[in-house]
Amino acid sequence: MQNNSTSFPTAIFLMGPTASGKTDLAIKLHETLPVEIISVDSALIYKGMDIGTAKPSKEELALAPHRLIDILDPAESYSAMNFRADALREMTDITAQGKIPLLVGGTMLYYKALIEGLSPLPNADEKIRSEIEARAQQTGWAVLHQELAKIDPASAARINPNDSQRINRALEVFYLTGKSLTELTAQKGDALPYNVLQFAIAPEDRSILHERIELRFKKMVELGFKAEVEKLYARSDLSPDLPSIRCVGYRQMWEHLRGDYGFDEAIYRGICATRQLAKRQITWLRGWKTPIRWLNSLQNEKNQKKIQQVFYLSMQNR
């Protein structure tokens, strides 16, 4: 869990759904506070995926550099565990320079991993996964779900009998460790050694967010989003099974290039998928376990002042 002790250095979290104005506000804060920005975004980590991720422009990055952007090729995978290790390293470096880490983004799972620590879950084992898949082909996933119910009733109650991926993972964890997924996830890792000031930004009216998402997606298309995905599609080492290609927008454009549906349909589906992502992000934030100060996307100047006031007040109380 997060530490609130004043003996710990300060960090700022600026969270929010996609298209809520996080980047613009972060750049403004970089101009007025002694902060260095760390990206908390599972799409911005990939090189060559600039337009569809709304990655900060070269000009914006020159004004306010973002760490943990463009660190991986799209063929590579990246986990919450990878992020936590990388983010803690960057936070330590920023703190050592006498500055404040400002973590900005909308990948809520990464924030959760950073604040709460990670359960000691084993890495995937392809051999065991293949064996489980083979059994499922013979008996059906419903039978394996019944097996899971005997091993781990709590997980079985949460997992739909048709959710093959989650059934496979829960059984895999048990076969590897001899312990249930429920038991292992109850064990948390180390607490975050920072006093975190948490902010979330979003429009008060969700229809405004929906409109912004549509306008931004159409702007991406004008800027050459399809051509960007075409370059990825031409690579033999990329597929829609990879996390990079599953990113909203990219998946829909990829399916269009594959011939699944037309260009206009890809745009429509991309907008819908982005809105669904925003809804999930807001749901995460509404259920956040630690205190969050909410900001209105339409009041950026006021938001900047509010964060400054909270920051300086926290520093006075140290």
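Note that Cβ sites are derived from N, Cα and C of the backbone, with glycine treated the same way.
Marked as ATP binding site by Swiss-Prot on the basis of sequence analysis: G16, P17, T18, A19, S20, G21, K22, T23. Taking the Cβ of T18 (ATP binding site) as reference, residues of its chain lying under 8 Å away and at least six apart in sequence are, in sequence order, A54, G106, I213, V248, T274, L277, A278, Q281.
Look at Swiss-Prot and you will find T18, A19, S20, G21, K22, T23 tagged as substrate binding site, backed by sequence analysis. Sequence-distant neighbours of G21 (ATP binding site): residues of the same chain at least 6 apart with a C-beta under 8 Å from its C-beta are I201, S297, N300.
For the region 'Interaction with substrate tRNA' (41-44), DSSP puts the residue distribution at 0 helix, 0 strand, 4 coil. Summarising the annotation, Swiss-Prot assigns region 'Interaction with substrate tRNA' to 41-44 (among others).
Distant neighbours of the region 'Interaction with substrate tRNA' (165-169): 124, 129, 132-133, 136, 141, 144-145, 148, 159, 181; these residues of the same chain sit at least 6 beyond its ends, with a Cβ under 8 Å from one of its Cβ atoms. Annotated region 'Interaction with substrate tRNA' per Swiss-Prot: 165-169 (among others), in sequence order, evidence recorded as sequence analysis.
Among the features that Swiss-Prot reports, region 'Interaction with substrate tRNA' is placed at 246-251 (among others). Averaged over the region 'Interaction with substrate tRNA' (246-251), the predicted model has a pLDDT of 97.
The region 'Interaction with substrate tRNA' annotation in Swiss-Prot covers 279-286 (among others), and the record cites sequence analysis as its basis. Within the same chain, residues 15-18, 106, 108, 112, 200, 202, 206, 292 sit at least 6 positions outside the region 'Interaction with substrate tRNA' (279-286) and bring their C-beta atoms closer than 8 Å to a C-beta of that stretch.
Per Swiss-Prot, the feature site 'Interaction with substrate tRNA' maps to T107 (among others); the stated evidence is sequence analysis. Under the three-state DSSP scheme, T107 (site 'Interaction with substrate tRNA') falls in the coil class.
Sequence-distant contacts of R129 (site 'Interaction with substrate tRNA'), defined as residues of its own chain at least six apart whose C-beta falls under 8 angstroms from its C-beta, comprise N168, E172. Here Swiss-Prot flags R129 (among others) as site 'Interaction with substrate tRNA', drawing on sequence analysis.
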Roughly how many Å separate the Cα of A19 (ATP binding site) from that of T107 (site 'Interaction with substrate tRNA'), to the nearest whole number?
-> 13
From the centroid of the CB atoms of T18, A19, S20, G21, K22, T23, the recorded substrate site, which same-chain residues not already listed sit within 8 A by their CB, in sequence order?
-> G16, P17, D24, A54, G106, I201, S297
Quick one: among the binding-site residues S20, T23, which has the most Cβ atoms sitting within 10 Å of its own Cβ?
-> S20
Determine, for the ATP site, the additional residues of the same chain whose CB lies within 8 Å of the mean position of the CB atoms of G16, P17, T18, A19, S20, G21, K22, T23; present them in sequence order.
-> G106, I201, A202, S297
